[in-house]
(Lines of atoms letter the chains of each structure in order from A and count residues from 1; the text may use other names and numbers.)
(Lines give C-alpha, C1' and ligand atoms only; values in the text may rest on other atoms or scores of the structure.)
Protein backbone atom coordinates (compact mmCIF):
# COMPACT_ATOMS: atom_id res chain seq x y z
CA UNK A 1 0.00 0.00 0.00
CA UNK A 2 1.33 3.45 -0.88
CA UNK A 3 2.36 5.58 2.08
CA UNK A 4 1.17 9.15 1.51
CA UNK A 5 3.20 10.42 4.48
CA UNK A 6 6.60 8.87 3.67
CA UNK A 7 8.32 12.25 3.34
CA UNK A 8 7.25 13.70 6.70
CA UNK A 9 8.29 12.93 10.26
CA UNK A 10 5.58 13.27 12.90
CA UNK A 11 5.80 13.71 16.65
CA UNK A 12 3.27 13.55 19.49
CA UNK A 13 3.00 12.96 23.21
CA UNK A 14 1.98 9.31 23.60
CA UNK A 15 1.05 9.33 27.30
CA UNK A 16 -2.22 10.72 28.75
CA UNK A 17 -2.42 14.44 29.62
CA UNK A 18 -1.47 15.47 33.14
CA UNK A 19 1.42 14.94 35.53
CA UNK A 20 3.19 11.61 35.94
CA UNK A 21 6.52 10.00 36.65
CA UNK A 22 7.22 9.31 32.97
CA UNK A 23 6.05 11.02 29.80
CA UNK A 24 6.60 9.46 26.38
CA UNK A 25 7.03 11.36 23.11
CA UNK A 26 6.95 9.37 19.89
CA UNK A 27 8.67 10.24 16.58
CA UNK A 28 8.00 8.43 13.30
CA UNK A 29 9.30 9.09 9.81
CA UNK A 30 12.46 9.32 7.69
CA UNK A 31 14.06 12.05 9.85
CA UNK A 32 13.20 10.53 13.24
CA UNK A 33 16.77 9.40 13.95
CA UNK A 34 18.31 12.67 12.74
CA UNK A 35 15.95 14.79 14.86
CA UNK A 36 16.49 12.65 17.97
CA UNK A 37 20.26 12.79 17.55
CA UNK A 38 20.18 16.60 17.33
CA UNK A 39 18.01 16.71 20.46
CA UNK A 40 20.40 14.49 22.46
CA UNK A 41 23.64 15.75 20.84
CA UNK A 42 24.93 12.18 21.02
CA UNK A 43 24.80 8.98 19.00
CA UNK A 44 21.56 7.11 19.49
CA UNK A 45 21.49 3.71 21.26
CA UNK A 46 21.35 0.49 19.25
CA UNK A 47 18.00 -0.66 17.93
CA UNK A 48 15.60 -1.78 20.67
CA UNK A 49 18.19 -1.03 23.37
CA UNK A 50 17.41 1.57 26.05
CA UNK A 51 19.90 4.39 26.33
CA UNK A 52 20.05 7.23 28.88
CA UNK A 53 20.39 10.65 27.24
CA UNK A 54 20.07 14.35 28.02
CA UNK A 55 17.69 16.46 25.92
CA UNK A 56 19.10 19.84 24.83
CA UNK A 57 17.41 23.14 23.97
CA UNK A 58 18.42 25.49 21.14
CA UNK A 59 20.90 27.39 23.35
CA UNK A 60 22.58 24.21 24.56
CA UNK A 61 20.89 24.14 27.96
CA UNK A 62 19.50 20.85 29.27
CA UNK A 63 15.70 20.65 29.02
CA UNK A 64 15.28 17.19 30.54
CA UNK A 65 16.88 13.75 30.65
CA UNK A 66 15.54 10.27 30.14
CA UNK A 67 15.49 7.08 28.10
CA UNK A 68 15.74 6.85 24.30
CA UNK A 69 14.51 3.81 22.35
CA UNK A 70 15.02 3.35 18.59
CA UNK A 71 13.05 1.08 16.25
CA UNK A 72 14.37 1.01 12.65
CA UNK A 73 12.06 0.47 9.70
CA UNK A 74 10.40 -1.79 8.80
CA UNK A 75 10.49 -3.46 12.22
CA UNK A 76 8.51 -0.85 14.12
CA UNK A 77 4.90 -0.09 14.97
CA UNK A 78 4.46 2.22 11.97
CA UNK A 79 6.86 0.45 9.62
CA UNK A 80 8.98 3.63 9.59
CA UNK A 81 11.96 4.71 11.69
CA UNK A 82 10.51 5.29 15.17
CA UNK A 83 12.10 6.90 18.23
CA UNK A 84 10.52 7.04 21.69
CA UNK A 85 11.73 9.62 24.19
CA UNK A 86 10.87 8.81 27.79
CA UNK A 87 11.31 11.89 29.95
CA UNK A 88 9.57 13.25 33.02
CA UNK A 89 5.79 13.40 32.82
CA UNK A 90 4.98 17.04 33.57
CA UNK A 91 2.90 18.77 30.88
CA UNK A 92 5.18 21.83 30.80
CA UNK A 93 8.36 19.89 30.05
CA UNK A 94 6.56 17.51 27.66
CA UNK A 95 5.17 20.39 25.61
CA UNK A 96 8.57 22.13 25.64
CA UNK A 97 10.26 18.97 24.31
CA UNK A 98 7.59 18.58 21.66
CA UNK A 99 8.12 22.18 20.59
CA UNK A 100 11.85 21.54 20.31
CA UNK A 101 11.19 18.53 18.04
CA UNK A 102 9.08 20.76 15.80
CA UNK A 103 11.99 23.22 15.60
CA UNK A 104 14.23 20.35 14.50
CA UNK A 105 11.93 19.38 11.61
CA UNK A 106 9.12 17.22 12.94
CA UNK A 107 5.47 18.11 12.40
CA UNK A 108 2.53 17.56 14.74
CA UNK A 109 0.84 14.18 14.35
CA UNK A 110 -2.87 14.17 13.62
CA UNK A 111 -5.30 12.03 15.62
CA UNK A 112 -4.56 8.37 14.89
CA UNK A 113 -1.77 9.15 12.43
CA UNK A 114 0.71 6.65 13.89
CA UNK A 115 -1.87 3.87 13.48
CA UNK A 116 -2.79 5.19 10.02
CA UNK A 117 0.85 4.86 8.94
CA UNK A 118 1.01 1.36 10.40
CA UNK A 119 -2.06 0.46 8.32
CA UNK A 120 -0.68 2.07 5.16
CA UNK A 121 2.63 0.26 5.58
CA UNK A 122 0.95 -3.11 5.97
CA UNK A 123 1.81 -3.54 9.65
CA UNK A 124 -1.84 -4.17 10.51
CA UNK A 125 -5.22 -4.22 8.82
CA UNK A 126 -8.16 -1.95 9.60
CA UNK A 127 -9.74 -4.33 12.12
CA UNK A 128 -6.49 -4.57 14.07
CA UNK A 129 -6.06 -0.78 14.02
CA UNK A 130 -9.56 -0.32 15.42
CA UNK A 131 -8.84 -2.96 18.06
CA UNK A 132 -6.10 -0.74 19.50
CA UNK A 133 -8.64 2.00 20.23
CA UNK A 134 -11.15 -0.58 21.49
CA UNK A 135 -8.58 -2.07 23.87
CA UNK A 136 -7.85 1.38 25.30
CA UNK A 137 -11.57 2.15 25.66
CA UNK A 138 -12.59 -1.28 27.01
CA UNK A 139 -15.04 -1.02 29.92
CA UNK A 140 -14.76 -4.64 31.09
CA UNK A 141 -12.20 -7.44 31.20
CA UNK A 142 -14.26 -9.41 28.68
CA UNK A 143 -14.21 -6.47 26.24
CA UNK A 144 -10.46 -6.04 26.74
CA UNK A 145 -9.80 -9.74 26.06
CA UNK A 146 -11.95 -9.61 22.93
CA UNK A 147 -10.11 -6.50 21.72
CA UNK A 148 -6.80 -8.32 22.18
CA UNK A 149 -8.12 -11.22 20.07
CA UNK A 150 -9.02 -8.79 17.28
CA UNK A 151 -5.62 -7.10 17.61
CA UNK A 152 -3.94 -10.49 17.24
CA UNK A 153 -5.92 -11.16 14.06
CA UNK A 154 -8.79 -13.46 15.14
CA UNK A 155 -11.48 -11.38 13.41
CA UNK A 156 -9.34 -10.62 10.36
CA UNK A 157 -8.57 -14.31 9.87
CA UNK A 158 -12.28 -15.16 9.74
CA UNK A 159 -12.98 -12.35 7.24
CA UNK A 160 -10.01 -13.31 5.06
CA UNK A 161 -11.15 -16.95 5.02
CA UNK A 162 -14.57 -15.90 3.72
CA UNK A 163 -12.94 -13.55 1.19
CA UNK A 164 -10.86 -16.45 -0.14
CA UNK A 165 -14.03 -18.50 -0.62
CA UNK A 166 -15.71 -15.56 -2.35
CA UNK A 167 -12.76 -15.03 -4.69
CA UNK A 168 -12.75 -18.76 -5.50
CA UNK A 169 -16.47 -18.52 -6.32
CA UNK A 170 -15.90 -15.47 -8.54
CA UNK A 171 -13.22 -17.37 -10.48
CA UNK A 172 -15.70 -20.15 -11.27
CA UNK A 173 -18.35 -17.66 -12.39
CA UNK A 174 -15.90 -15.68 -14.54
CA UNK A 175 -14.69 -18.93 -16.13
CA UNK A 176 -18.26 -19.90 -17.01
CA UNK A 177 -18.74 -16.50 -18.64
CA UNK A 178 -15.40 -16.45 -20.48
CA UNK A 179 -15.66 -19.99 -21.87
CA UNK A 180 -19.28 -20.37 -23.02
CA UNK A 181 -18.26 -22.86 -25.72
CA UNK A 182 -17.60 -25.56 -23.10
CA UNK A 183 -20.11 -28.39 -23.25
CA UNK A 184 -20.84 -28.21 -19.51
CA UNK A 185 -22.98 -25.27 -18.33
CA UNK A 186 -21.02 -24.36 -15.22
CA UNK A 187 -23.72 -21.92 -14.09
CA UNK A 188 -26.42 -24.57 -14.15
CA UNK A 189 -24.56 -27.67 -12.95
CA UNK A 190 -25.12 -26.92 -9.25
CA UNK A 191 -21.49 -26.48 -8.27
CA UNK A 192 -21.56 -22.67 -8.31
CA UNK A 193 -24.81 -22.62 -6.33
CA UNK A 194 -23.24 -24.90 -3.72
CA UNK A 195 -20.20 -22.63 -3.47
CA UNK A 196 -22.43 -19.56 -3.18
CA UNK A 197 -24.51 -21.09 -0.39
CA UNK A 198 -21.31 -22.04 1.45
CA UNK A 199 -20.15 -18.41 1.30
CA UNK A 200 -23.54 -17.22 2.59
CA UNK A 201 -23.35 -19.64 5.52
CA UNK A 202 -19.78 -18.56 6.29
CA UNK A 203 -20.74 -14.87 6.36
CA UNK A 204 -23.70 -15.69 8.62
CA UNK A 205 -21.41 -17.53 11.07
CA UNK A 206 -19.05 -14.54 11.27
CA UNK A 207 -22.03 -12.19 11.66
CA UNK A 208 -23.24 -14.17 14.66
CA UNK A 209 -19.84 -13.92 16.36
CA UNK A 210 -19.45 -10.25 15.41
CA UNK A 211 -22.82 -9.41 16.99
CA UNK A 212 -21.48 -10.68 20.33
CA UNK A 213 -18.35 -8.59 19.87
CA UNK A 214 -20.41 -5.51 19.06
CA UNK A 215 -22.44 -5.98 22.25
CA UNK A 216 -19.21 -6.26 24.24
CA UNK A 217 -17.92 -3.04 22.73
CA UNK A 218 -21.05 -0.90 22.58
CA UNK A 219 -23.22 -2.50 25.25
CA UNK A 220 -26.94 -1.98 25.74
CA UNK A 221 -28.90 1.18 26.55
CA UNK A 222 -31.47 0.22 29.21
CA UNK A 223 -33.96 2.80 30.49
CA UNK A 224 -36.05 2.43 33.66
CA UNK A 225 -39.39 4.27 33.51
CA UNK A 226 -42.74 4.27 35.29
CA UNK A 227 -45.01 6.25 37.57
CA UNK A 228 -43.59 8.11 40.60
CA UNK A 229 -42.74 5.95 43.62
CA UNK A 230 -42.99 2.70 41.65
CA UNK A 231 -39.48 1.76 42.79
CA UNK A 232 -37.48 2.78 39.73
CA UNK A 233 -34.54 4.15 41.71
CA UNK A 234 -34.57 1.10 44.01
CA UNK A 235 -34.36 -1.10 40.91
CA UNK A 236 -31.42 0.89 39.56
CA UNK A 237 -29.63 0.51 42.90
CA UNK A 238 -30.36 -3.23 42.98
CA UNK A 239 -29.02 -3.75 39.45
CA UNK A 240 -26.00 -1.50 40.00
CA UNK A 241 -25.18 -3.10 43.35
CA UNK A 242 -24.68 0.32 44.98
CA UNK A 243 -26.92 3.06 46.32
CA UNK A 244 -26.51 5.35 43.32
CA UNK A 245 -30.01 6.87 43.28
CA UNK A 246 -31.83 8.57 46.18
CA UNK A 247 -34.74 6.47 47.40
CA UNK A 248 -37.58 7.96 49.51
CA UNK A 249 -41.32 7.46 49.97
CA UNK A 250 -41.91 10.90 48.46
CA UNK A 251 -43.25 10.66 44.90
CA UNK A 252 -41.23 12.61 42.34
CA UNK A 253 -37.85 12.39 44.11
CA UNK A 254 -36.08 11.70 40.80
CA UNK A 255 -36.50 14.76 38.60
CA UNK A 256 -33.59 14.37 36.21
CA UNK A 257 -32.03 11.59 34.20
CA UNK A 258 -29.47 9.48 36.07
CA UNK A 259 -26.99 7.31 34.13
CA UNK A 260 -25.05 4.40 35.59
CA UNK A 261 -22.57 2.23 33.67
CA UNK A 262 -22.66 -1.36 34.92
CA UNK A 263 -21.93 -4.90 33.74
CA UNK A 264 -24.63 -7.61 33.82
CA UNK A 265 -23.40 -11.16 33.16
CA UNK A 266 -20.43 -9.56 31.39
CA UNK A 267 -22.59 -7.35 29.14
CA UNK A 268 -21.81 -3.60 29.39
CA UNK A 269 -25.00 -1.73 30.26
CA UNK A 270 -25.77 1.98 30.43
CA UNK A 271 -28.63 2.02 32.92
CA UNK A 272 -30.81 5.14 33.00
CA UNK A 273 -33.20 6.11 35.80
CA UNK A 274 -35.84 8.65 34.77
CA UNK A 275 -38.39 10.97 36.35
CA UNK A 276 -41.76 9.46 37.26
CA UNK A 277 -44.38 9.71 34.52
CA UNK A 278 -47.47 11.68 35.61
CA UNK A 279 -49.40 14.86 34.92
CA UNK A 280 -47.81 17.71 36.87
CA UNK A 281 -47.75 21.48 37.01
CA UNK A 282 -44.23 21.58 38.41
CA UNK A 283 -41.94 23.14 35.76
CA UNK A 284 -38.85 21.23 36.92
CA UNK A 285 -40.70 17.91 37.03
CA UNK A 286 -42.18 18.57 33.57
CA UNK A 287 -38.67 19.02 32.19
CA UNK A 288 -37.60 15.77 33.86
CA UNK A 289 -40.50 13.94 32.20
CA UNK A 290 -39.62 15.47 28.81
CA UNK A 291 -36.06 14.18 29.20
CA UNK A 292 -37.40 10.79 30.27
CA UNK A 293 -39.41 10.50 27.05
CA UNK A 294 -36.30 11.41 25.05
CA UNK A 295 -34.29 8.65 26.77
CA UNK A 296 -37.11 6.17 26.15
CA UNK A 297 -37.05 6.93 22.41
CA UNK A 298 -33.33 6.07 22.25
CA UNK A 299 -33.41 2.98 24.49
CA UNK A 300 -32.45 -0.51 23.31
CA UNK A 301 -34.63 -1.85 26.11
CA UNK A 302 -37.25 -0.18 28.33
CA UNK A 303 -38.00 -1.56 31.79
CA UNK A 304 -41.50 -0.28 32.61
CA UNK A 305 -41.77 -0.48 36.41
CA UNK A 306 -45.13 -0.44 38.17
CA UNK A 307 -46.22 -0.96 41.79
CA UNK A 308 -48.02 -4.30 42.25
CA UNK A 309 -49.75 -2.81 45.32
CA UNK A 310 -51.55 -0.17 43.25
CA UNK A 311 -53.25 -2.53 40.81
CA UNK A 312 -52.00 -0.53 37.81
CA UNK A 313 -52.26 -1.87 34.27
CA UNK A 314 -48.70 -1.46 32.90
CA UNK A 315 -49.83 -1.64 29.27
CA UNK A 316 -52.30 1.19 29.82
CA UNK A 317 -49.47 3.26 31.26
CA UNK A 318 -47.29 2.38 28.27
CA UNK A 319 -49.98 3.43 25.80
CA UNK A 320 -50.65 6.66 27.68
CA UNK A 321 -47.09 7.91 27.75
CA UNK A 322 -44.97 6.38 25.04
CA UNK A 323 -46.81 4.05 22.68
CA UNK A 324 -45.55 6.28 19.85
CA UNK A 325 -41.96 6.12 21.00
CA UNK A 326 -41.13 2.47 21.55
CA UNK A 327 -41.60 -0.81 19.70
CA UNK A 328 -43.17 -3.70 21.69
CA UNK A 329 -40.05 -5.83 21.30
CA UNK A 330 -38.08 -3.23 23.28
CA UNK A 331 -40.48 -3.25 26.25
CA UNK A 332 -40.23 -5.37 29.40
CA UNK A 333 -42.85 -5.08 32.17
CA UNK A 334 -41.52 -5.08 35.75
CA UNK A 335 -44.02 -5.60 38.57
CA UNK A 336 -42.24 -4.30 41.69
CA UNK A 337 -42.79 -4.78 45.46
CA UNK A 338 -43.88 -8.42 45.19
CA UNK A 339 -42.72 -8.90 48.79
CA UNK A 340 -45.61 -6.67 49.93
CA UNK A 341 -48.25 -8.58 47.95
CA UNK A 342 -47.06 -12.07 48.79
CA UNK A 343 -46.39 -12.87 45.14
CA UNK A 344 -43.37 -14.88 44.14
CA UNK A 345 -40.63 -13.45 41.95
CA UNK A 346 -41.17 -15.00 38.54
CA UNK A 347 -40.99 -14.47 34.80
CA UNK A 348 -44.17 -14.84 32.75
CA UNK A 349 -46.00 -13.64 29.65
CA UNK A 350 -48.45 -10.73 29.90
CA UNK A 351 -50.48 -10.10 26.74
CA UNK A 352 -47.48 -10.93 24.58
CA UNK A 353 -44.92 -9.00 26.66
CA UNK A 354 -42.20 -10.35 28.94
CA UNK A 355 -43.40 -9.76 32.52
CA UNK A 356 -41.14 -10.05 35.57
CA UNK A 357 -42.18 -9.69 39.21
CA UNK A 358 -39.46 -8.48 41.59
CA UNK A 359 -38.82 -6.79 44.90
CA UNK A 360 -36.10 -4.26 44.19
CA UNK A 361 -35.62 -3.41 47.88
CA UNK A 362 -35.37 -7.06 48.94
CA UNK A 363 -33.54 -7.98 45.70
CA UNK A 364 -36.01 -10.77 45.03
CA UNK A 365 -36.06 -11.77 41.35
CA UNK A 366 -33.25 -9.37 40.44
CA UNK A 367 -30.96 -12.10 39.09
CA UNK A 368 -33.83 -13.38 36.97
CA UNK A 369 -34.23 -9.87 35.57
CA UNK A 370 -30.49 -9.69 34.86
CA UNK A 371 -30.67 -12.98 32.96
CA UNK A 372 -33.73 -11.74 31.04
CA UNK A 373 -31.93 -8.54 30.01
CA UNK A 374 -28.87 -10.37 28.67
CA UNK A 375 -31.10 -12.95 26.95
CA UNK A 376 -33.08 -10.11 25.33
CA UNK A 377 -29.82 -8.76 23.91
CA UNK A 378 -28.90 -12.22 22.61
CA UNK A 379 -25.67 -12.00 24.59
CA UNK A 380 -23.82 -15.29 25.04
CA UNK A 381 -20.12 -14.66 24.29
CA UNK A 382 -17.79 -17.59 23.72
CA UNK A 383 -14.16 -17.87 24.78
CA UNK A 384 -13.02 -16.85 21.28
CA UNK A 385 -15.30 -13.80 20.93
CA UNK A 386 -13.58 -10.91 19.14
CA UNK A 387 -14.46 -7.22 19.37
CA UNK A 388 -16.55 -5.77 16.55
CA UNK A 389 -18.15 -2.49 15.55
CA UNK A 390 -21.42 -1.39 13.98
CA UNK A 391 -19.65 -0.68 10.68
CA UNK A 392 -18.46 -4.30 10.54
CA UNK A 393 -22.01 -5.59 10.92
CA UNK A 394 -23.25 -3.08 8.34
CA UNK A 395 -20.62 -4.30 5.88
CA UNK A 396 -21.62 -7.93 6.44
CA UNK A 397 -25.29 -7.07 6.04
CA UNK A 398 -24.56 -5.48 2.66
CA UNK A 399 -22.43 -8.49 1.74
CA UNK A 400 -25.38 -10.79 2.43
CA UNK A 401 -27.70 -8.61 0.34
CA UNK A 402 -25.33 -8.80 -2.64
CA UNK A 403 -24.95 -12.56 -2.19
CA UNK A 404 -28.75 -12.93 -2.12
CA UNK A 405 -28.93 -10.91 -5.36
CA UNK A 406 -26.29 -13.18 -6.90
CA UNK A 407 -28.26 -16.27 -5.89
CA UNK A 408 -31.44 -14.85 -7.44
CA UNK A 409 -29.66 -14.02 -10.70
CA UNK A 410 -28.16 -17.51 -10.76
CA UNK A 411 -31.21 -19.61 -9.83
CA UNK A 412 -33.97 -17.67 -11.58
CA UNK A 413 -32.27 -16.04 -14.56
CA UNK A 414 -28.99 -17.96 -15.02
CA UNK A 415 -27.48 -14.52 -15.78
CA UNK A 416 -23.72 -14.96 -15.43
CA UNK A 417 -22.73 -11.31 -15.87
CA UNK A 418 -25.20 -10.13 -13.23
CA UNK A 419 -24.07 -12.87 -10.84
CA UNK A 420 -20.46 -11.77 -11.34
CA UNK A 421 -21.30 -8.12 -10.65
CA UNK A 422 -23.19 -8.94 -7.44
CA UNK A 423 -20.29 -11.08 -6.25
CA UNK A 424 -17.84 -8.24 -6.99
CA UNK A 425 -19.93 -5.86 -4.88
CA UNK A 426 -20.13 -8.48 -2.11
CA UNK A 427 -16.34 -8.80 -2.09
CA UNK A 428 -15.91 -5.02 -1.94
CA UNK A 429 -18.35 -4.74 0.98
CA UNK A 430 -16.62 -7.51 2.93
CA UNK A 431 -13.21 -6.04 2.08
CA UNK A 432 -14.19 -2.77 3.77
CA UNK A 433 -13.91 -4.52 7.13
CA UNK A 434 -10.18 -5.21 6.92
CA UNK A 435 -9.41 -2.26 4.65
CA UNK A 436 -8.77 -4.26 1.48
CA UNK A 437 -11.38 -1.99 -0.11
CA UNK A 438 -11.79 1.37 1.63
CA UNK A 439 -12.75 4.89 0.71
CA UNK A 440 -10.50 7.69 2.01
CA UNK A 441 -13.37 9.27 3.95
CA UNK A 442 -13.92 5.97 5.80
CA UNK A 443 -10.25 5.81 6.81
CA UNK A 444 -10.31 9.44 7.93
CA UNK A 445 -13.38 8.83 10.07
CA UNK A 446 -11.89 5.73 11.72
CA UNK A 447 -8.42 7.07 12.49
CA UNK A 448 -9.74 10.53 13.37
CA UNK A 449 -11.42 8.99 16.43
CA UNK A 450 -8.04 7.86 17.84
CA UNK A 451 -6.01 9.84 20.36
CA UNK A 452 -3.13 11.94 18.99
CA UNK A 453 -0.28 9.67 20.12
CA UNK A 454 -1.72 6.51 18.52
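Just so you know, the numbers here start at 1 and follow the chain as drawn.
Note that Cβ sites are derived from N, Cα and C of the backbone, with glycine treated the same way.
The (6S)-5-formyl-5,6,7,8-tetrahydrofolate binding site annotation in Swiss-Prot covers 26, 84, 123, 454, and the record cites sequence analysis as its basis. Classification of residue 84 ((6S)-5-formyl-5,6,7,8-tetrahydrofolate binding site) by DSSP places it within a strand.
According to Swiss-Prot, the feature domain 'TrmE-type G' maps to 219-378.
Following the DSSP three-state reduction, the secondary structure of residue 232 (GTP binding site) is helix. The GTP binding site feature in Swiss-Prot is assigned to 229-234, 248-254, 273-276.
Of all Cβ atoms in the shown protein chains, 20 besides its own fall within 10 Å of the Cβ of residue 229 (GTP binding site). Residues or ranges marked as K(+) binding site in Swiss-Prot: 229, 248, 250, 253.
The Mg(2+) binding site annotation in Swiss-Prot covers 233, 254.
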Do you know offhand how many angstrom separate residue 275 (GTP binding site) and residue 233 (Mg(2+) binding site) by C-alpha? 9
According to DSSP, does residue 123 ((6S)-5-formyl-5,6,7,8-tetrahydrofolate binding site) sit in a helix, a strand, or coil? coil
State which of the following binding-site residues has the fewest other Cβ atoms within 10 Å around its Cβ: 123, 232. 123
